[in-house]
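Database features, via TrEMBL:
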DOMAIN    62-163  domain 'Glycosyltransferase subfamily 4-like N-terminal'
DOMAIN    169-336  domain 'Glycosyl transferase family 1'
Amino acid sequence: MMEFRILHWRRGLFADHLEPQFDCVQVNGRAKPIIRSDPGRWLNRALNLRSGNYVAANAVSIDEVSRCLEPFSPEVILAHFGYTALYMLPVAERLGVPIISHFHGTDVSLSLKRNRWYRHSLKNCLNRFSACIVVGSHQRKKLIELGADPNKTHLLPCGVPTDEFTPVQARSEDITRFVVIARLVEEKGVEISLRAFAKLSQRCTNLELLIIGDGPQRQALGDLANTMGVADKTKFMGYVKAEEVMAILQRCDVLLHHSLESFDWVEGFGVAVAEAGASGLPVVVSKSGGLVDLVVDGHTGFIVPLGNVDAMVNAMYKLHSDRELAREMGKNGRQRMVEQFDSRKLSLRLQKVLLDSVERLALPASREPMSDN
């Protein structure tokens with residue numbers, strides 16, 4: 001027995017319907033989950049040799065999921081993550097509705113490199129999707145290299161609700177407060193940010209570092225802060241609720257986000273960077289994945305080479321020593337988030353992609369809607 005969860009909107013209400021309908025339907029029979037580890041997955045792969053989609057739902061799952069969806073009479077299916085889209089592809093084709101694959105991160109980085117079945121399936125089926133959506137320009141480039149149609153591959157970042165974030169006000173404290181908001185794992189590069197902070201502390205005394213988040217590196221990072229002599233200036237705050245993060249950002253001056261491309265993982269978007277920008281904070285980020293889409297180097301913050309502690313220190317020093325520069329970059333960052341990354345504006349663009357896919361199904365190929373990329 002599986003639970004099939006369906007999030008659905010009525011046509012025409014995408015942007016303003018704040019409480020979309022959510023239903024849970026029990027899937028009976030021998031339906032299998034999207035990610036399978038049972039021996040039966042090999043038989044399923046063999047049966048899908050002709051279609052080239054080795055991640056597709058099996059016959060029983062297609063029947064069951066189709067049965068769940070039919071009462072809703074969907075006009076288009078939006079499947080989050082490439083795995084889900086490949087699994088749902090035969091269901092969409094059974095129902096005769098377009099399916100859009102929304103890629104987010106590991107499905108265009110780690111999974112592509114490590115799972116040959118997923119990689120071959122995606123390459124074989126990309127152009128059976130009505131459209132593809134990615135959250136970063138690096139992901140769009142990767143899909144096009146795999147064979148996706150550029151006109152049907154849309155860059156739609158995750159976005160940030162900018163109206164919920166208040167621009168920081170000038171503070172009277174004679175201290176520069178840096179903040180890191182991330183899971184404490186190797187790929188988030190918190191160690192690089194901490195080392196840069198410690199090195200900057202050798203030149204400047206009035207500094208503080210807040211680290212928001214938790215994870216397996218917590219103890220090691222605490223030990224490193226002690227070893228480098230900045231334990232008294234570094235505050236590990238652990239997990240913090242979203243509304244509390246907004247308040248903490250009001251007491252900070254610069255966000256640090258030095259993602260690394262470890263274990264075949266690449267940063268898809270960078271929610272913390274977007275939220276800091278919406279709060280009017282300048283940012284220092286690494287040159288990785290979707291971070292370079294968010295930040296304009298020298299205008300809203302600084303982009304530094306991967307793993308380069310000294311470059312990180314230099315960028316941090318510029319923002320610490322020149323408060324006017326920091327304020328101007330923060331102001332520019334806020335404006336950029338409002339104009340290009342506001343979640344309400346992006347939801348309207350998503351609505352257009354969905355409705356264009358419905359329209360495309362009914363139009364001759366020569367009259368298909370054009371991409372906005």
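A Cβ is built for glycine as well, from the same backbone N, Cα and C atoms used for every other residue.
A mean pLDDT of 92 is what the model gives for the domain 'Glycosyltransferase subfamily 4-like N-terminal' (62-163). Taken residue by residue, the domain 'Glycosyltransferase subfamily 4-like N-terminal' (62-163) breaks down under DSSP into 61 helix, 16 strand, 25 coil.
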